[in-house]
Amino acid sequence: MRAERRGRPAPPPREPIIHSTLLYILLAATISGVGSIFGAALLSLTVASRVVERMVSFSVGVLLATALLHSLPEAFESGADPRALFGTLLAGLLGFFLLEKLSLLRHSHHHEGDGHHHHHGHDREEAGRSGLTILVGDTFHNFADGIVIAAAFLADPHIGVVTALAIAAHEIPQEVGDFIVLLNAGFSKARAFAFNLLSSLAAIAGGVVGYFLLDQLSGWIPYVLVIAASSFIYIAVSDLMPQMQRKPRWRESAIQVVLVAAGIVAIVYITNGVHERHSHGGHGHDGHSHAAPVASSR
C-alpha cells in the first residue's frame, strides 16, 4: 500500500477559491468607492469649505500624474498598436467633452423651459429631481470606476494601487458637492449618506465585472487604461483647473501650485514604494502575471 501511495503522482495544487488579484480589486474598489463616501461625509460635516476647495488642487496633481506617468506608459508598453492607442485617447477626450456638453445643454434647456414657474414648490421639486439625477449618475460613474480599477490591477498591481488612489482623490471633493446637493434636495444627513453609500457599492460590482471580463479579453486592458487616462486628463484640465483659476491672488495661486506638486510627488512616491515591495516580495506571488498576456495579445 505504501509503495502504491509512493508511486502515485502528487495531486495538483488546489486553485484558490478567489484569486488574489480579485481580492486586491475588491479591496481597492471598496476603499476608493465606499471610503470616499465616508471621507466626503466627514469633510462636509466637520471641515471648512476652503479645505475642500484646496483638495481640488491636490486632485489635479494626482490625476495628471496617474494618467501621464503611469496609465499611458503602461498601455504603450503593452505591445498594442500605438496609433490605435492614440486614437483611443483622442476618442476618449472627445467623448467626455460630448457627454459633458450634452449634460450642460439638457440642464440649460430644462431651466429655460421652466423660467417663469419659480415658486417654492417647484424649486423643491426641481431640487429633488437634481438629487435623484446625482444618485443615478454617480452609480454609473462608480461602476465605470470599478472597471477601470480592475483593468489597472490586471495590467500591473502597482498601477492598480495608484489608479484607485487617483479615483479616491478625485471622488472625495466631488462627493462633498454631491452630498450638499442631496441635502439641498431635502434629504436628511443620514439619508443622503445612506443613498451615497449604496451608490458607491457600484464600484465593487464594476470591479468584479471588469475582472472576469478583462481577464478573458486581456487585449482590451491597454485600451481601458487609455480611456481611464483620458478621463483623468479631461477632468483635471476641463473641470478642476478652471475652478483653480477663479481665485487669481498670488498667495492662493502659490498654495495651488504647491498642492498640485504635492499630488504629483505623492503618486510618484507611492508608486515607487508599491513597486519596490512588489518586486522584492513578488517572488512568492501566486504566479499569475497579467502584464505578459497584454503584451503578447497581439
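Backbone N, Cα and C define each Cβ position, glycine as well.
The transmembrane segment annotation in TrEMBL covers 22-43 (among others).
Annotation source TrEMBL lists transmembrane segment at 55-72 (among others). Beyond the transmembrane segment (55-72), the same-chain residues lying 6 or more positions past its ends with a Cβ under 8 Å from any Cβ of the stretch are 43, 89, 152, 159, 162-163, 165-166, 169-170, 172-173, 225-226, 228-230, 232-233, 235-236, 240-241, 243-244, 255-257, 259-268, 271.
The transmembrane segment feature in TrEMBL is assigned to 84-102 (among others).
Taken from TrEMBL, the feature transmembrane segment covers 193-214 (among others).
As annotated by TrEMBL, transmembrane segment applies to 220-241 (among others). Residues of the same chain lying 6 or more positions beyond the ends of the transmembrane segment (220-241) and with a Cβ under 8 Å from any Cβ of it are 56-57, 59-60, 63-64, 66-68, 71-72, 74-76, 78, 80, 84-85, 88-89, 91-93, 95-97, 100, 147-148, 151-152, 154-155, 159, 163, 166, 170, 210, 214, 290, 294.
For 253-271 (among others), the entry in TrEMBL reads transmembrane segment. Long-range contacts of the transmembrane segment (253-271) within the same chain, counting only residues at least 6 positions beyond its ends with a Cβ under 8 Å from a Cβ of the stretch, are 54, 57-66, 69-70, 158, 161-162, 165-166, 169, 244, 247.
Taken from TrEMBL, the feature region 'Disordered' covers 278-298.
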